[in-house]
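These notes are about the structure you will find just below.
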Amino acid sequence: MNWNKGGPGTKRGFGFGGFAISAGKKEEPKLPQQSHSAFGATSSSSGFGKSAPPQLPSFYKIGSKRANFDEENAYFEDEEEDSSNVDLPYIPAENSPTRQQFHSKPIDSDSDDDPLEAFMAEVEDQAARDMKRLEEKDKERKNVKGIRDDIEEEDDQETYFRYMAENPTAGVVQEEEEDNLEYDSDGNPIAPTKKIIDPLPPIDHSEIDYPPFEKNFYNEHEEITNLTPQQLIDLRHKLNLRVSGAAPPRPGSSFAHFGFDEQLMHQIRKSEYTQPTPIQCQGVPVALSGRDMIGIAKTGSGKTAAFIWPMLIHIMDQKELEPGDGPIAVIVCPTRELCQQIHAEGKRFGKAYNLRSVAVYGGGSMWEQAKALQEGAEIVVCTPGRLIDHVKKKATNLQRVSYLVFDEADRMFDMGFEYQVRSIASHVRPDRQTLLFSATFRKKIEKLARDILIDPIRVVQGDIGEANEDVTQIVEILHSGPSKWNWLTRRLVEFTSSGSVLLFVTKKANAEELANNLKQEGHNLGLLHGDMDQSERNKVISDFKKKDIPVLVATDVAARGLDIPSIKTVINYDVARDIDTHTHRIGRTGRAGEKGVAYTLLTPKDSNFAGDLVRNLEGANQHVSKELLDLAMQNAWFRKSRFKGGKGKKLNIGGGGLGYRERPGLGSENMDRGNNNVMSNYEAYKPSTGAMGDRLTAMKAAFQSQYKSHFVAASLSNQKAGSSAAGASGWTSAGSLNSVPTNSAQQGHNSPDSPITSATKGIPGFGNIGNISGAPVTYPSAGAQGVNNTASGNNSREGTGGSNGKRERYTENRGSSRHSHGETGNRHSDSPRHGDGGRHGDGYRHPESSSRHTDGHRHGENRHGGSAGRHGENRGANDGRNGESRKEACNRESKMEPKMEPKMEPKVDSNKMDKVDSKTDKTADGFAVPEPPKRKKSRWDS
């Protein structure tokens with residue numbers, strides 16, 4: 001709004017009547033458009049001249065800036081002033097009625113409620129209320145009198161529970177994530193992927209100053225000292241103990257012989273021990289003597305107490321623990337459950353001396369275990385990996401350890417703990433005492449274990465790996481998996497009526513499936529395998545021990561060490577992966593002399609395991625069913641090993657090939673005799689192309705002729721001879737040394753075509769390949785006859801014309817393979833058998849023997865002169881072809897027809913009688929065998 005003084009065309013005043021636009025040359029800067037600019041426009045300076053600026057009213061500056069006449073800043077000033085035209089929000093006055101409503105709404109009406117601000121407001125309100133409540137409680141406590149602080153205040157347990165409720169993740173570090181397979185021993189054939197725990201680093205013991213300690217606490221009782229060596233042997237035999245090692249201590253037979261003090265004896269009596277078990281009788285004296293030990297005994301035999309009692313004596317002899325000291329005794333075991341069980345035993349007996357025990361195993365709280373170790377404990381029962389973790393984290397150390405035990409040691413070496421076990425042993429002082437215990441100990445594992453021992457004493461109670469005879473084993477052969485399920489559901493209620501039932505399954509997935517199926521059938525049961533949380537495993541075992549659940553389905557994680565007396569039945573629903581695991585499985589019942597039953601369910605595909613199971617049953621004096629034996633015989637390795645030394649006996653399987661592989665317990669003697677109709681002389685056995693050229697063909701022919709000759713018809717007397725020589729002449733298994741004929745064959749001497757003749761016209765050099773069963777041990781008068789007969793006739797059929805010198809050399813070296821058989825005599829490795837035949841031909845035993853040995857040999861041996869062999873007896877000629885048969889016939893006659901001996905004596909030359917002792921001895925098999933002549937020693941004498 002401009003003030004105009006008036007002039008030509010312009011009214012005086014503010015110019016409400018019209019507007020004027022200045023038309024002068026010099027334009028005045030435009031004023032910012034404001035609300036009052038509509039009242040008038042700037043006019044030209046018509047009255048004051050061109051250069052005079054217009055005069056503004058005095059109230060012009062109200063609500064506006066001073067005009068900026070600087071052209072350079074005009075542009076920016078316009079923008080700044082344009083932004084000031086924004087309308088300001090409405091702000092009600094203090095006493096306005098709308099102010100309260102204004103405050104109840106957020107300033108920014110477009111945004112919603114912020115949840116974080118609402119939550120924080122609630123937290124603040126809650127905190128305020130809690131503080132107010134606490135203040136009120138404090139006031140009440142001050143006002144009320146007669147309050148006992150020891151009751152009202154929180155004790156340690158309440159404080160701990162409150163703290164854990166407020167801090168559920170307390171003590172859990174990031175490294176302690178769930179790793180359920182760390183110590184899993186469920187027995188899967190494929191080793192599960194485990195958390196790799198690096199072993200402890202090597203340590204230089206020479207830099208550490210270890211204090212000395214005493215290991216030997218055994219004072220032998222006078223009753224034991226007074227035992228004679230024979231009585232000591234009888235005592236160990238009675239306890240079924242086998243002890244090896246340097247100077248083992250004598251076993252005790254009662255607790256009085258151990259020399260325990262009254263405190264420990266009170267605890268032992270409280271545990272209802274009446275007398276020590278066999279492994280304790282020998283193991284406790286060995287451990288008290290400070291010796292390293294390998295203890296092997298069947299399951300449930302008291303191995304745990306055998307190393308815990310000496311451990312307490314060992315600990316009590318040393319000074320008390322100081323702050324920062326590690327344990328004195330460390331017991332290492334493979335599974336968590338076994339660790340907890342040994343820990344419970346250690347606490348029970350350690351109460352006698354107020355000794356502390358700590359269980360350290362995977363799955364437990366690392367923080368709690370570390371705290372218990374730092375507080376100090378004389379005994380630590382642990383699994384290998386967790387102990388290594390604690391040593392690495394400085395929760396404990398092994399400097400004071402002087403008593404180290406590995407329970408179920410073979411399992412730890414077998415499960416892949418070997419490096420960890422060795423690193424633990426290497427971190428303990430070198431002069432420690434180390435004990436290894438297990439129920440099974442294979443030779444390979446024992447060699448590995450001996451590296452950490454020094455001059456150990458090996459104590460074996462019973463047989464290594466033998467099953468407990470208190471457990472009755474029953475094997476069920478079923479057709480398939482569904483058959484096993486039907487069998488189980490049909491019998492399970494019956495089993496639970498007699499006691500708790502433990503079901504073993506090989507794989508974890510199968511265990512869960514079986515448990516779920518049984519639950520659907522309405523059975524109350526528990527499940528235990530390596531993938532479960534440790535708390536769940538503990539709860540299941542606790543409920544099973546308390547008989548809250550009658551059935552437990554488990555993998556092999558429960559196969560070792562669990563001592564639950566209520567288990568009366570063990571069922572191997574799946575077979576174990578090896579016989580050692582099977583032994584431990586069935587050992588969960590029949591504990592401490594109690595009786596139990598173990599069922600093993602087999603299917604046709606389990607033939608490999610059936611062979612091991614047969615031997616396990618036989619070793620425990622259990623019944624082996626025919627079905628189980630037939631299943632085991634389907635396995636080739638068992639069938640072959642069964643032939644060599646087993647109890648089985650197979651039917652005669654004839655036909656081509658090397659028959660001895662198919663005949664268990666039969667036919668070592670008859671293998672030495674082929675049929676001379678097939679091969680008439682040694683020329684047929686020349687190896688033409690190689691070491692096994694025609695030799696293999698000859699062997700096959702010999703065996704074929706052997707079977708053909710079994711059933712040749714003949715007269716009554718000849719049948720006797722034939723049956724005795726060819727059918728029942730002491731067949732033994734290939735590789736054995738017990739080749740003793742069982743029947744007389746003399747009746748067939750006078751029959752040229754008798755079965756004994758056809759059966760014995762064989763080739764003595766090819767019987768029982770690979771063994772020495774055909775060679776006699778003590779046979780008489782070969783030397784005597786050889787000496788006397790070398791001077792007689794040169795009527796050998798093959799006409800090799802062996803000289804007397806050759807004959808004498810053969811006689812003296814009949815035990816070697818030097819005798820002359822014409823062209824082929826030196827080709828035959830079994831030539832000692834021809835010499836043995838001569839040894840067996842005692843003149844005083846046979847009326848025809850002197851003539852039989854004159855020209856009986858068609859092999860060109862030339863050791864017997866004359867042709868009386870052919871005229872006297874065809875049997876003698878045949879025996880000449882096969883010295884082994886002649887030997888056998890003489891041996892049979894010595895047993896079956898002793899009445900012939902006096903008749904034979906007159907026909908024996910006086911020179912022979914000078915060199916032959918007519919006395920005969922009985923062998924261990926009950927067969928009469930004459931004493932050997934006085935002659936030079938041969939290799940058979942040894």
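Every residue gets a Cβ built from N, Cα and C, even glycine.
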Stretch carrying motif 'Q motif' according to Swiss-Prot (options 108-136, 253-281, 601-629): 253-281
407-410, 523-526, 531-534 - the one Swiss-Prot records as motif 'DEAD box': 407-410
Range among 182-203, 336-357, 666-687 that Swiss-Prot annotates as region 'Disordered': 182-203
Beyond the flanks of the motif 'Q motif' (253-281) by at least 6 residues, Cβ under 8 Å: 217-219, 221, 223-224, 235, 239-241, 288, 295, 297, 301-303, 305-306, 309, 312-313, 348-349, 351-353, 459, 461
Additional residues surrounding ATP, by Cβ distance to the ALA297, LYS298, THR299, GLY300, SER301, GLY302, LYS303, THR304 centre under 8 Å: THR277, ILE279, ALA439
Fewest other C-beta atoms within 10 angstroms, as judged across GLY300, GLY302, which are the binding-site residues: GLY302
Cβ-Cβ neighbours of SER301 (ATP binding site) (radius 10 Å): 24
